[in-house]
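Encoded as structure tokens, the structure appears first; notes follow it.
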Amino acid sequence: MSRRRPSGLSPGDSSRRRSPLHRPGRLRVVSGALGARLPLTRPPRHPRLLPAPSRSPSPSPSPPPRRAQPQRPLRMRLPVRSRGPQKPRHRAPRGAHALSPERPRRRRLRAANPVLRRMLEKCMQGRVLLLTICAAGIGGTFQFGYNLSIINAPTLHIQEFINETWRVRTGQPLPRHLVLLVWSLIVSLYPLGGLFGALLAGPLAVMLGRKKSLLVNNIFVVAAATLFGFSRRAGSFEMVILGRLLIGVSAGVSMSVQPMYLGESAPKELRGAVAMTPAIFTALGIVMGQVVGLSVLRHCSLELRNLCVEILSTPIWLIRKTQNREVLGDPWAWPLLLASCLVPGVLQLASLPLLPESPRYLLIDCGDTEACLAALQRLRGTADVAQELSELDEERAACRGQRARRPWELLQDRGLRRQVTSLAVLGGALELCGNDSVYAVASSVFRGAGVPDAEVQYAVVGTGSCELLAACVSCVLIERVGRRVLLIAGYSLMTCWGSIFTVALCLQSSVPWMPYLAMSCIFAFILSFGIGPAGVTGILATELFDQKSRPAAYMVCGVLMWILLFLVGLGFPFIMEGLSHFFYVPFLGVCVCGAIYTAFFLPETKGKSFLEISEELDRLKEADFLKQNQGPDWSGPEVILSTEL
């Protein structure tokens, strides 16, 4: 059999048959398929020296007898140019990158802080939830804190305006005690309006929904701002009185609807932190109200004020050439100061309509599954919400066939006695713990400690900043330590600092450093209040009641708290006059009762769904029922042995 000529060589080119490529130990090319077995030797000098593969269907010829024994074969595709040896790919095992020195330091830090990484991922996923919190808070509880403290700066200017208006009408000045009476009416109508707002919050939340209730609530803000802004121009202090009533109604609605809206929109692992944000916005509003009235524009030029007036489109009569004036608290600008509540309302009207409604309201109250699913996906930042949607379906099944409860039905239901009692006791303790009284005496304590009168207002701003800082710390801690721990620690620390504060007030005239101790106790007391009761109490109505009872629960809690706020403001001057340095002793008893009740009767709700909380409350109710019927010494049925001899 004749030897077959390799493909690519002419018949007359026999001299090239024994080319160096065919010598033993060299790279040898065999005609046939592309994937020929090649020895691991040095690569060819150039691809052109290699013969073209044969397209003949005949099998490849046998190797020549002079061929040396090849080394370990390797498949090679031709005519791809060899790129030299490459490092084999090695995949590190899972988690090895955290210890590998070749990885960047940022990766190691991420792996070393999984909690921080999860928090950042949650923030990125829940940016819509974060925007919802800000939009609801800026026109909600921020308004409550802002209008609560903003009235203090223009006190003397408003009293002068009352007296001047009366003189213009009658030609005679108003007696001093009547001026104080009108001023007290202006201040006290704010909690009275809050009471009306709390009664209005429940029906609004049921009929319009949570988000629309907050939007409609801004009608009262716009009306109040209009009355405030034109009161001096119209020469009517009655407009100020009516404006304070309307802004109080707005605060009452927002204090009830905003925690309900945010608590229903948050996931269960973040529900406590999200529900703490109303307290943060309340403290922020208090601080802003204190700051706006400060005397910081002492040397404000007329040109700068003209520019601000043109930008804000304020009337020309606000411009006065005075060198010592407050931000918005001077004799001419105080209507603008009170009307500045319009700015947060406009911000909420511009932002909140773009954000989703409460998913629980959409599914359980409205029965709209598609809208609920869309709201959940937007709030969570992911399409995988099947587990949470199934929990909502279970909650809807538990509430099927029920209608929204009314407040009197809530009080008559024996099955909700523990929840209503907890809400009443801890809601009352929040208003009667003495935090407002500490704010009231802070200025006099600071003056007694040697703070100049011109600097006292800055120290008062420091008290509001302490509450804001404490609320932010509580927002971080609440999902780590739980609700009960924060409440018990808050009331216990308030009892401790209140006792030391009372002792310091009694000894401040005899011991030189006691006024400084009293001033320190004020800041410590406010920090304790902000960490514990200030924010945690607002979560109770959201977590202890189901979807059908929640609006009525907020109505009951809101009415109770606004009534107590009104009574404390009305009766504190008499307590101060009667007890002098011991004025805080009655509030100490309230703090002790709050800590004891929380320790023995309030269940922990951290990390639980609303359905799990309801099941736990049902178990506690059954246990209480068995204790009442059987008694503590019951040991089984009595055996009658009367026939025994």
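Using the three backbone atoms N, Cα and C, a Cβ is placed for every residue, glycine included.
Predicted, not measured: the structure shown is a model, and the values here were computed from it.
If you look up TrEMBL, you'll see 17-26, 74-94 marked as compositional bias 'Basic residues'. The compositional bias 'Pro residues' annotation in TrEMBL covers 54-67. Taken from TrEMBL, the feature domain 'Major facilitator superfamily (MFS) profile' applies to 133-606. TrEMBL lists 1-108 with the feature region 'Disordered'. The feature transmembrane segment is assigned by TrEMBL to 128-146, 178-202, 214-235, 241-262, 274-297, 485-510, 516-540, 552-576, 582-602.
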Stretch of maximal Cβ-Cβ contact with the transmembrane segment (128-146) [cut-off: under 8 Å; candidates 178-202, 214-235, 274-297, 552-576, 582-602]: 274-297
Cβ pairs under 8 Å between the transmembrane segment (241-262) and the transmembrane segment (552-576), at least three: yes
Highest-contact recorded stretch vs the transmembrane segment (516-540), from 214-235, 274-297, 582-602, CB pairs under 8 Å: 274-297
Beyond the flanks of the transmembrane segment (552-576) by 6 or more, those residues with Cβ under 8 Å of it: 187-188, 191-192, 194-195, 197-199, 201-202, 205, 252, 255-257, 259-260, 404-407, 409-411, 419-420, 423-424, 427-428, 430-432, 436-437, 440-441, 540-541, 544-545, 583, 586
Long-range environment of the transmembrane segment (274-297) - Cβ separation under 8 angstroms, sequence gap at least 6: 129, 133, 137-138, 140-150, 152-154, 255, 258-259, 262-263, 265-266, 324-329, 337, 340, 454, 457-458, 460-461, 464-465, 467-468, 470-472, 474-475, 478, 530, 534-536, 538-539, 542
